[in-house]
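Trainee: Sharing the feature lines straight out of Swiss-Prot:
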DISULFID  Cys21-Cys158  disulfide bond
DISULFID  Cys153-Cys187  disulfide bond
DISULFID  Cys165-Cys246  disulfide bond
DISULFID  Cys284-Cys294  disulfide bond
DOMAIN    327-566  domain 'BetaCoV S1-CTD'
DISULFID  Cys329-Cys354  disulfide bond
DISULFID  Cys372-Cys425  disulfide bond
DISULFID  Cys384-Cys564  disulfide bond
REGION    889-909  region 'Fusion peptide 2'
DISULFID  Cys894-Cys905  disulfide bond
COILED    999-1043  coiled coil
COILED    1227-1255  coiled coil
TOPO_DOM  1287-1324  topological domain 'Cytoplasmic'
Amino acid sequence: MLFVFILFLPSCLGYIGDFRCIQLVNSNGANVSAPSISTETVEVSQGLGTYYVLDRVYLNATLLLTGYYPVDGSKFRNLALRGTNSVSLSWFQPPYLNQFNDGIFAKVQNLKTSTPSGATAYFPTIVIGSLFGYTSYTVVIEPYNGVIMASVCQYTICQLPYTDCKPNTNGNKLIGFWHTDVKPPICVLKRNFTLNVNADAFYFHFYQHGGTFYAYYADKPSATTFLFSVYIGDILTQYYVLPFICNPTAGSTFAPRYWVTPLVKRQYLFNFNQKGVITSAVDCASSYTSEIKCKTQSMLPSTGVYELSGYTVQPVGVVYRRVANLPACNIEEWLTARSVPSPLNWERKTFQNCNFNLSSLLRYVQAESLFCNNIDASKVYGRCFGSISVDKFAVPRSRQVDLQLGNSGFLQTANYKIDTAATSCQLHYTLPKNNVTINNHNPSSWNRRYGFNDAGVFGKNQHDVVYAQQCFTVRSSYCPCAQPDIVSPCTTQTKPKSAFVNVGDHCEGLGVLEDNCGNADPHKGCICANNSFIGWSHDTCLVNDRCQIFANILLNGINSGTTCSTDLQLPNTEVVTGICVKYDLYGITGQGVFKEVKADYYNSWQTLLYDVNGNLNGFRDLTTNKTYTIRSCYSGRVSAAFHKDAPEPALLYRNINCSYVFSNNISREENPLNYFDSYLGCVVNADNRTDEALPNCDLRMGAGLCVDYSKSRRAHRSVSTGYRLTTFEPYTPMLVNDSVQSVDGLYEMQIPTNFTIGHHEEFIQTRSPKVTIDCAAFVCGDNTACRQQLVEYGSFCVNVNAILNEVNNLLDNMQLQVASALMQGVTISSRLPDGISGPIDDINFSPLLGCIGSTCAEDGNGPSAIRGRSAIEDLLFDKVKLSDVGFVEAYNNCTGGQEVRDLLCVQSFNGIKVLPPVLSESQISGYTTGATAAAMFPPWSAAAGVPFSLSVQYRINGLGVTMNVLSENQKMIASAFNNALGAIQDGFDATNSALGKIQSVVNANAEALNNLLNQLSNRFGAISASLQEILTRLEAVEAKAQIDRLINGRLTALNAYISKQLSDSTLIKVSAAQAIEKVNECVKSQTTRINFCGNGNHILSLVQNAPYGLYFIHFSYVPISFTTANVSPGLCISGDRGLAPKAGYFVQDDGEWKFTGSSYYYPEPITDKNSVIMSSCAVNYTKAPEVFLNTSIPNPPDFKEELDKWFKNQTSIAPDLSLDFEKLNVTLLDLTYEMNRIQDAIKKLNESYINLKEVGTYEMYVKWPWYVWLLIGLAGVAVCVLLFFICCCTGCGSCCFKKCGNCCDEYGGHQDSIVIHNISSHED
């Protein structure tokens, strides 16, 4: 929505009667026509509309620059308004009040020759701003006395601003009549610039970027030069050309012109000469020719075929839309309000349809931290939301840790629950203590019902923050005064129930000490003292004299709505139609092609149109109220055949027909001169002459097609662009067969002529188990001398483990590569039904992809298979659990949920009639009704009391039986427990005796073992002496040599194993690479290689996981019959030009040379599609080198000689190892008596097993469904009606008898006799 100056901002703009502004009496309400559209277009070829980049000079360069430029070929709008002595109120609103967006380019006419003598302004003033009030900056470009006065100030614009060509009229010394400021306003720029007053027109270039405003100027139709730039830090949203008030000179025509066209961010190609002057410019997205120039970065591109991607495929512009001039949300004002709630009564406020600046907000409240949940904090800046809700409260100093996500402290369990599933940000900030008053309020209604008072319970400390430690919920029947010793009207009592707070809820109530509740006067209700409310605590919020506050910012509807952050907000841009652009429409992003349409199906609150698939299909611009359709950008290839002598190229939209090209605005040309469909796609700007053939072609389009251009054809035929699409045939087939010779002779070859479907299964190993080795343990075991000498081998063991780790890493990397190849682009599916019967099973691909989804842990026997009553039944029924000694379940099975069968399902227990002791509400009502009826109308209704009597008696029997079983079980438990205690005591005695005997024997053996150890020490001392003698006799060199020999042998074996591991890993690496290659070439695509994916020509391949590898199933067609043909590797035409076949052979067929494919014999004529032209018929020969492997075997020395070299005689002295076994005391224990006693105790414990009578627990539902209540209600109504007429007819209701009138008179005699009969019968 566009904002008109005074109509929407009366507090900011000039007021009526201000001597600096025009009076309303000098205005009128005449309508004004729309701005005129120029016939002149923006011609950027000479640099018009461009500008010299600040602080940069380019010499003799052609380069691409991205900036804010007009669209080449766009038109101007004249926004100048002329007045004499009055202005029109309609001048100050759209379409003359416009959106500034990225910027504007203006061409302004110099009116010096038309203005009266003494005039100081030769063109209107332009103002650029947002609110045009004293709180925002406004850019003013105003002419005065041959200079340009540029100012950026916080002006207050008049209600009816204008530019006067002679401001000194009537003694008014003001420069301009457009602002009301008496005192100088706040300015960031005020400068004057020289103006060439003799120029025909002035050219201005205004744009904004990153909060900075840029102004450029020129006095001739060329590139503009830098005027000034100023950082404003805000977005300028609109501009206005002030009306030009002037009385022209006599006889002159006065028509001010202020031509304006919008700027957009686009790419231009510039050419700079040796002086750094722009000599030519090209808008890269304006035409196909300009796109080719930008692609080649040349103003004169050469002849060729170019693949276009900038304009037709990739977005080349941006359409950005936000609702303009929304009010500020003022979230910071609410966050910094003096009254701050406690966690117990946290507050929420929702903001919608407004803007906020998150950076300013954080600075304003002096934020300490900001953490976001389910969204990156950086993504909040610049986003739009449906609405924003903010919850805040003061934080007790000791409970800050409770506000961490997932914490279960007091603040989150009993005060405020943070919703971890919501998109939100948690803000911690502080306020000075003098600006904060804590509002401690208990929101509980049931606490206040019994006398809760905030100040009386919590106190009045300004910075104490109250929080609940536990919350309680109560039923409506709860009364804390229901005690026998307290006078109170309470008659029933239910206990409070502890509860946690849910998301968005407050604490339901604090705990109550019921002993402190009561009232001497029962008519004044139940009142609790202040000290009776418990379960809360308090702490100060102050840290360093600042109160800590928590705010939870809930972000609702991300990327939708009109509640936007202005931190990274861009200015609105023009809606560019007909090209592929990126768009951001009120937070909805994407890319597409816009086309303006007339649509009446948008409601006033609707802006976006979607299709049935949820894709954005249309858009209504709130700024201009125009409607657009949005089509997807063309994602194919566009080939442009460009000839340097032609003004435009011929186009080929590959793989797409022309109807789609023009219906989706892919082409820039709405009505091209000519176009047609070919088998390559849509051809534009060329004639269809594919029936003609050319031997030479400069613009080859592929597939044997050529674009030919002729300047003469374009000149003589006005309906032709000069391009034509023809067939490219570099030679004539008949000429080939007349003068052709085979290159390098003829060869016989068998070529397939018939095929069958083949099936091939293949396993490729891609991984193996990992191996690690403890090198020292493998070589030396636990031998210390060996380990010491092994150190001399250096890093051999370290290298072993390094090699094994390298092998393991290699296996891991190959496994990741294989998994990546499988997961990218492999569509896994089962075999489709094909009507072929037979034992063919679907392939199970689940091991390949693993378990996906929430059904992984569920099966038919899992949680999903559990069955029970429905949720509706659980809602309509209450559950009651009964002790069942054997008849409750049988009773329930008999009734089947029909409570009227109560007495029909009486059970028998040990000969006694019993019923379950619990009755539902409906059963109680029924039996009560029967008992009441029996008491009211005896003896006729006495029978109605029989069911009640029987029910009571049977249920009393049920209670008695249950109590009897429980009593018998209690006696059995007591008896068995006593027996068990006796047996346990006896078992402990026997165990104590046995342990005594064991102790004496163990002590004796310990002494004997001590003697044995002394003897062993002596013997092993002798052994050590002998070994020492042996080592002394052996030379140190010989001992090391023996150890070294063993180490060498084992290291050799280990080295061989490591070599084998390396070799195996190399094989696995090769096979894994082959598996990846087969996945990519066989599974994801169809290969042309023979016998690579199965046997024969590949059709289809499937892959499945297997232990340590992949299992492939290939389908291919295998040749079953062949023909023998004479083939040639090439042909020589006329002895100077050669031909080579493409993916096939040249064969002789009936004496004529033809081409056939290598996989199937099918002779066809030789064309450029199946052959390649060579410059000569020469053949190059290469001889392969002769390389042979070395087959010599090494000759090692004789083994016996090497053994004798190291063998030495050894002598050993055996030590005396005899032991004195006589000193060992071998004692046998006799524990038979103690074991028997323990066995008896165990037997008694076993006999104490309690065989209790089974008492089950049965769960029954006691509430009837709604339809049963309906039937009971209808029956009750019927009974009441019946009783009413009985009372009338028997005279029992005299009042009713009088009201019935004549209705009952005719039965009066009969009624009296019945009454007398009843009385007499009763008296008898």
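Heads up, the Cβ atoms here are built off N, Cα and C, so glycines get one too.
Since this is a predicted model, take the numbers as computed values, not measurements.
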Trainee: If you compare CA-to-CA distances from Cys384 (disulfide bond) to each of the disulfide-bonded residues Cys153, Cys246, Cys284, Cys905, which comes out shortest?
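Mentor: For Cys384 (disulfide bond), the spatially nearest of the disulfide-bonded residues is Cys153.
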Trainee: If you count the other Cβ atoms within 10 Å of each Cβ, which of the disulfide-bonded residues Cys165, Cys425 comes out on top?
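Mentor: The most densely surrounded of these disulfide-bonded residues is Cys165.
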Trainee: If we check Cα distances from Cys284 (disulfide bond), which of the disulfide-bonded residues Cys187, Cys425, Cys894, Cys905 wins as closest?
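Mentor: So, spelling it out, the nearest of the disulfide-bonded residues is Cys187.
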Trainee: Which residues, sitting 6 or more apart from Cys564 (disulfide bond) on the same chain, put a CB under 8 Å from its CB?
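Mentor: Sequence-distant Cβ neighbours: Arg322, Val323, Leu326, Asn355, Phe356, Gly382, Arg383, Cys384, Phe385, Gly587.
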Trainee: Ten-angstrom check, please: count other Cβ atoms within 10 Å of the Cβ of Cys905 (disulfide bond), all chains counted.
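Mentor: Counting Cβ neighbours of Cys905 (disulfide bond) within 10 Å gives 18.
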Trainee: Work out how many Å separate Cys329 (disulfide bond) and Cys153 (disulfide bond) at their Cα atoms, rounded off.
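Mentor: Here the two Cα atoms are 25 Å apart.
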Trainee: Can you see whether DSSP assigns Cys329 (disulfide bond) to helix, strand or coil?
Mentor: coil
Trainee: State the three-class DSSP label for Cys294 (disulfide bond), counting H, G and I as helix, E and B as strand, and everything else as coil.
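Mentor: The residue in question, Cys294 (disulfide bond), is helix (DSSP, three-state).
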Trainee: Can you tell me the CA-to-CA distance separating Cys158 (disulfide bond) and Cys294 (disulfide bond), as a whole number of Å?
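Mentor: Cα-Cα distance, Cys158 (disulfide bond) to Cys294 (disulfide bond): 47 Å.
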Trainee: Would you count the other CB atoms within 10 A of the CB of Cys284 (disulfide bond), including those on all shown protein chains?
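Mentor: Excluding its own Cβ, the number within 10 Å is 21.
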Trainee: Considering every residue in the coiled coil (999-1043), what is the mean pLDDT value?
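Mentor: Per the prediction, mean pLDDT sits at 63 for the coiled coil (999-1043).
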